[in-house]
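Below is one structure, written out as structure tokens; the observations come after it.
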Amino acid sequence: MSHDHDHDNELDPFAARVRALETILTRKGLIDPAAIDIIVDTYETKIGPRNGARVVAKAWSDPAYADWLKRDATAAIESLSYTGRQGEHMQAVFNTEETHNLVVCTLCSCYPWSVLGLPPVWYKAPPYRSRAVIDPRGVLEEFGLTLAATTKIRVWDSTAELRYLVVPMRPAGTEGWSEEQLAELVSRDAMIGTALAREPA
Amino acid sequence: MNGPQDLGGQMGFGPVAPEEDEPYFHAEWEKRALGVTLCAGAMGAWNIDESRHARESLHPADYYSSSYYQIWIKALETLLKRHGFVSERDLEAGEAIDKASTPKRVLKAENVPAVLAKGGPCNRPMAEPARFKAGDAVRTKNFNRTGHTRLPRYARGRQGKIEAVREGFVFPDSNAHGQGENPQWVYTVVFDGTEIWGEGADPTLVISIDAWESYLEPA
């Protein structure tokens, strides 16, 4: 079903509601439907977790960049041209042997769109938002990640306008890898904290 | 407000359901919902805090039974009505019947890349120095505002420590209600899991929130 489909009676009720709203606003000259097409295309094809993976790979490869990312993530990320909506104020948090970082927004779904794209449904849904702060270890188990009992967990609740990027630990056996190769090991979930970086095959 | 959005520590929602290779959108209408919401926001009649408050003001039964983009659209209809862009008659008929308020601007397709790249920074210069510094012991205030706030219930009346002084940021509690930006210093405040959850809490857990200065008092 595309938005320019002509048969409203084939739409489910909520699709019809959104369609009606778009039509009303368009007819009143308040929105430009072509702008919607570009917004959707931007988040489907241009802004996504690959941006964040490149940030992480660069931090793994370049200690000076990692240091900059630690001190001023907004500027360090902007230097790679990843800027914009929901990435205006960035903070990078680094996993260590001792501490694992996990990001949540218990109040809505604050998420670093400029480096990770649009959030997945589970990030926005009540099970994750309710439990990430009270039972993070249990939540991680549901993602298939079992941390050592001695690993400390640091949960960052995005209650203001700072957006967090978790920098996972660099896997062993990747010495001499290029940034492009390293970026392949960095999943979206690793940058939220619900996964670790992939091990080299 | 103590609305349905304030989820931290609530129980009974079941396991997290990660989806393998999840698509960005699960239906075509979700794409339009995202776009309509961003385009309508670009008219400049309301700010992000007012839109968050519109979402959390949905009836809890409605909030919990709606998908996230459904929540967006329901709140957007409220905002559009409140600011005179659509009427109840328009929505009931599914047609443009009543005359709309004049928007500050209309987001045109050619301007989308620049607008998305610019975002909406909400840090503001502060005339007054920060009241707290890193390492200070603080206690969050215990309040139960009927309006918008970004201090979650689980973190009210708790002792923590200032980990970092951030910047001055627009104060959502007033900005959501047309009462001005009133920027305040924002701090990263850390709490031990046991301070928040008490008996049975994960002893390794540390939780942080980003708190506006007026949420805090010296401990």
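Backbone N, Cα and C define each Cβ position, glycine as well.
Just so you know, TrEMBL annotations are computer predictions that nobody has curated.
Annotation source TrEMBL lists domain 'Nitrile hydratase beta subunit-like N-terminal' at B:1-107. The domain 'Nitrile hydratase beta subunit' annotation in TrEMBL covers B:122-218.
Across the domain 'Nitrile hydratase beta subunit-like N-terminal' (B:1-107), the DSSP tally of helix, strand and coil residues reads 49 helix, 0 strand, 58 coil. Averaged across the domain 'Nitrile hydratase beta subunit-like N-terminal' (B:1-107), the predicted model reaches a pLDDT of 97. Assigned with DSSP, the residues of the domain 'Nitrile hydratase beta subunit' (B:122-218) fall into helix, strand and coil as follows: 15 helix, 36 strand, 46 coil.
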